[in-house]
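**Q** Pulled the feature table from Swiss-Prot, pasting it below:
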CROSSLNK  Lys48  ubiquitin cross-link
CROSSLNK  Lys63  ubiquitin cross-link
DOMAIN    1-76  domain 'Ubiquitin-like 1'
DOMAIN    77-152  domain 'Ubiquitin-like 2'
Amino acid sequence: MQIFVKTLTGKTITLEVESSDTIDNVKAKIQDKEGIPPDQQRLIFAGKQLEDGRTLADYNIQKESTLHLVLRLRGGTMIKVKTLTGKEIEIDIEPTDTIDRIKERVEEKEGIPPVQQRLIYAGKQLADDKTAKDYNIEGGSVLHLVLALRGGY
């Protein structure tokens, strides 16, 4: 099937894909056509950033759907969020992202609503309206995720 990828410059790229293709595969096809390395690509569909390991079918992307390609700035940063079970979730952030935005990214990957998340870094609970930069969260930083019990603050 054919899908379209629209860049910020307004250019539209046509790609031949299968619904079983992963987002990684799609990024590789964009690299073949446009020469943009996959690690600099962010693909958006229906307002959501698409995760590399998922397939087009997972996002209900059908023939003639249009994805939006946003280039990742060099300032983009990869952090880890560690859950109580010891699982580490990798999240791509910008220094200007709010803690609330980081919680939304955790929700996209893990399905945990932001209201149930408490993020801890350097022994401090992080406030939703502050940014990663406010807490000096940088590439490679590890945040700890604690689940808030209902009614608990």
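For all residues, glycine too, the Cβ spot is worked out from N, Cα and C.
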**Q** Take the Cβ of Lys63 (ubiquitin cross-link) and count every other Cβ within 10 Å, whichever protein chain it belongs to.
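**A** 10, counting other Cβ atoms within 10 Å of Lys63 (ubiquitin cross-link).
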**Q** How do the residues of the domain 'Ubiquitin-like 2' (77-152) split into helix, strand and coil according to DSSP?
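**A** Output for the domain 'Ubiquitin-like 2' (77-152) reads 18 helix, 27 strand, 31 coil.
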**Q** Give the number of CB atoms, excluding that of Lys48 (ubiquitin cross-link) itself, located within 10 Å of its CB.
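**A** Result for Lys48 (ubiquitin cross-link): 10 other Cβ atoms within 10 Å.
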**Q** Tell me the Cα distance separating Lys48 (ubiquitin cross-link) from Lys63 (ubiquitin cross-link), rounded to the nearest angstrom.
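**A** One finds 18 Å between the Cα atoms of these residues.
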**Q** Quick one: what's DSSP say for Lys48 (ubiquitin cross-link), helix, strand or coil?
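**A** It is in a strand.
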**Q** For the domain 'Ubiquitin-like 2' (77-152), what is the mean per-residue pLDDT, to the nearest integer?
**A** 89
